[in-house]
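What follows is a set of notes on a single structure, which appears directly below.
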Amino acid sequence: MIFVDACFGKDTPYTPVWFMRQAGRYLSEYMEVRSKAGDFLSLCKNPALASEVTLQPVDILDVDAAILFSDILVVPMEMGMELGFFKGEGPKFSKTIDSFSDVKSLSLDSSSRLNYVYDTISLTREKLHKDKALIGFCGAPWTLATYMVEGEGSKTYAKSKKILYSNKELLHALLEKITHNLKEYLKCQIKAGVNAVMIFDSWASALECDSYFEFSWEYLKDIAQEIKKEYPHIPVILFPKGISGFLDRIDGEFDVFGVDWSTPLLQAKNLLGDKYVLQGNLEPCRIYNRDSMLSGAKEILEIMKGKRHIFNLGHGMLPDLPRENAIELVKFIHNYKF
Ligand code: CP3
């Protein structure tokens, strides 16, 4: 698989490409299947339909990898927190984590309740062309913890950080419990058939440098190390969003570093490119305009020169991005001559 080869830094005939949030609302085909399922969470829990939307971007865009259709928040949900997704408001938990007894009430065994995810994986792997990779994923402990403490997305993360600065033992207890669940969950995804795993730390940018390494990166490294120890042939991709100022402190045992769009790619290459394969980092909004998209892509390709690089966006696809441009972008990457 060209994508897996690229994750391990092997030479490939062209730069492989896929897009974060490549399955989603910008595709009318996705909207049709979602309405068949009823709502977003029902879609995640329906392996036949979740598998169908996982495969859509491979068929429509010809990307080199599919990413499992699910959500990072199914793990806290199966740890025992009631979750809803509300139109225009995003995800919400009905209760929040405030105390040690709340942490204690959370399950250590969510992975045994996520069979709908593993069924989606095996169904998808059966149907996916053998040259295309299937990526499994989870959220980073820190990112999941913020949702569990705030109960929803937040602009300031004030509640999570209040705990961080006034009761760090509580935050560590929560992070440890989440980490335990995530290790088991990723191993189950691998057993079900994913070819790589990615950890999304979407709210990495909420923390100052020392706090980031203590409350997030250490846990990401721990998960990555455990996966690499048991499954050395499965690439591990880490994506911390918004920490371009801390790249000189990035270390650990993993294969691919996901570069967000706010990080100058040349800077990431100079600091991390020898140690890790880089994935990224076109600013997603460039896809609104064909010329901006192609000039941005060219710049990225010329920095990486087809070596130790997987093309991606610097964050997820947006619901109103024009699909024709996304299709053209994949063709442009595949046909690019260095
Ligand atoms: O195509 C893919 O990338 C695979 C599926 C996927 C989804 N969410 C589907 C989804 C993946 C990998 C995720 C990860 C995820 N979920 C992250 C990390 C990546 C990132 O974007 O930073 C986060 C922070 C979440 C939590 C989440 N899920 C939010 C905040 C929202 C609402 C925001 C929004 O975009 O509406 C979701 C809902 C969600 N997850 C949708 C999809 C396709 C939209 C739901 C819908 O159909 O209405």
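Placed from the backbone N, Cα and C atoms, the Cβ positions cover glycine too.
Curation plays no part in TrEMBL annotations; they are all automatic predictions.
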Quick check: of His309, His315, which does TrEMBL put in the same substrate site as Arg21, Gln22, Ala23, Gly24, Arg25, Asp71, Tyr147, Ser202? His315
What mean pLDDT does the predicted model reach across the domain 'Uroporphyrinogen decarboxylase (URO-D)' (16-25)? 97
Specify the secondary structure state of His315 (substrate binding site) as given by DSSP, simplified to three classes. coil
Simplified to three states, DSSP reports Tyr147 (substrate binding site) as helix
For substrate, with binders Arg21, Gln22, Ala23, Gly24, Arg25, Asp71, Tyr147, Ser202, His315, what's the maximum Cα separation in whole Å? 23
Does DSSP give Arg25 (substrate binding site) helix, strand or coil? coil
Taking the Cβ of Tyr147 (substrate binding site) as the reference point, list residues of the same chain whose Cβ is under 8 angstroms away and which are at least six residues distant in sequence. Leu73, Pro76, Pro91, Phe93, Gly153
